[in-house]
Amino acid sequence: MFLNNTIPVYINQFVQSQSGVFGSDIVTATIVIVASVILAFIADILFEEVFLHYTAKTRYDCDYLIVDALKKPIFYTVAFVGAFLAAEIVLPGNAAIELIMGLLLTGLGVLWIFALLKIDKVLFKHVFSHLVKKTDTQLDDELLPLFKNIVDVLIVFFGILAILKCVWDADILPLFASAGIVGLAVAFAAQDTISQFFGGLSIYFDQPFKPGDRIEIDDGEIGIVQEIGLRSTRIKNLYNNMIVIPNSIIANSKVTNYTSPEETMMVKVTIGVAYGSDVEKVRGILTDIAKTVNFVLDDPSPYVRFDNHGDSSLDFAIIMWVTHPGEKFTVINEVNTKINAEFEKEGIEIPFPVRTIIHQR
């Protein structure tokens, strides 16, 4: 009875119409079997001599491998349909025949599951892997095997469910309920790993930075991104140390990316001089220094700005532009070194902070 529930109405009508057409049910069944075997071999020859022969000449391997994966399942599917129709003509509703047909159909379903797994492997190996190699980030290279495993599990899971439901008429609702309970238990036990995984997905899709960018996390950690992984991101800090930061932390933090998408990046250096200093003289010295520093661009040209009357100093800012974020700290170092030397030479004082304390009686 379980198998009859899966037979389309038009197949039942075909079986009833062909019963005894050629004088007896056995003769009719034999003709059906022979016809199905002939069709199966015709399909096999088509795959071998036409499809495989054609795909072998293409520049891609995946089409040949996919056709090869479909060859056997289609052959046995055509043969099974003939055997099933013959059995229904000779012994309709026979429990033993139904059991045998159910076992054969189960084997056919397993064969199709393996075929789909093979196609899945071909697609990930020959198509998707080549696509992710063209990207800059390492994250998609790590995600690809994970997604392949997920697809494999789904193929096996739903394939087994289809066999249980369509062939054996089993109640599959308890299986879904059990799978949900197991999923909740796993999610609770691995919530840290899952949060890091989704943090990695957030970085992958939002792309706030990429390998080679200089970034700063809101905890003050700053460095150059070396690798974006599935669970963590590696950056090399200013001391040339490798820092591993979980993606869940990065996803929930404010990240400053110092690598501008523009062709230039601004560098600002501030300096204070003592009250009474010649403002124009200081401005001229700072401008000359900015124009002689390595990596500083001529266009846009650097300039000096008198920013503020500070508590104990006149505050100036030197505004410069560089082409690469890695040049920023080299420029700052050279500018400060030259400022110290020139101010000492010209007698310009860099004051200490001064605090006046008044005692009242």
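Using the three backbone atoms N, Cα and C, a Cβ is placed for every residue, glycine included.
Now, the feature entries from TrEMBL:
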- 192-259: domain 'Mechanosensitive ion channel MscS' (DOMAIN)
- 267-350: domain 'Mechanosensitive ion channel MscS C-terminal' (DOMAIN)
- 26-47: transmembrane segment (TRANSMEM)
- 74-93: transmembrane segment (TRANSMEM)
- 99-117: transmembrane segment (TRANSMEM)
- 143-164: transmembrane segment (TRANSMEM)
- 170-190: transmembrane segment (TRANSMEM)
Stretch with greatest number of CB pairs under 8 Å, the transmembrane segment (26-47) reference, 74-93, 99-117, 143-164 candidates: 74-93
Confidence summary for the domain 'Mechanosensitive ion channel MscS C-terminal' (267-350), mean pLDDT rounded: 93
Counts by DSSP class (helix H/G/I, strand E/B, coil) across the domain 'Mechanosensitive ion channel MscS C-terminal' (267-350): 36 helix, 23 strand, 25 coil
Helix, strand and coil counts within the domain 'Mechanosensitive ion channel MscS' (192-259) (DSSP): 20 helix, 25 strand, 23 coil
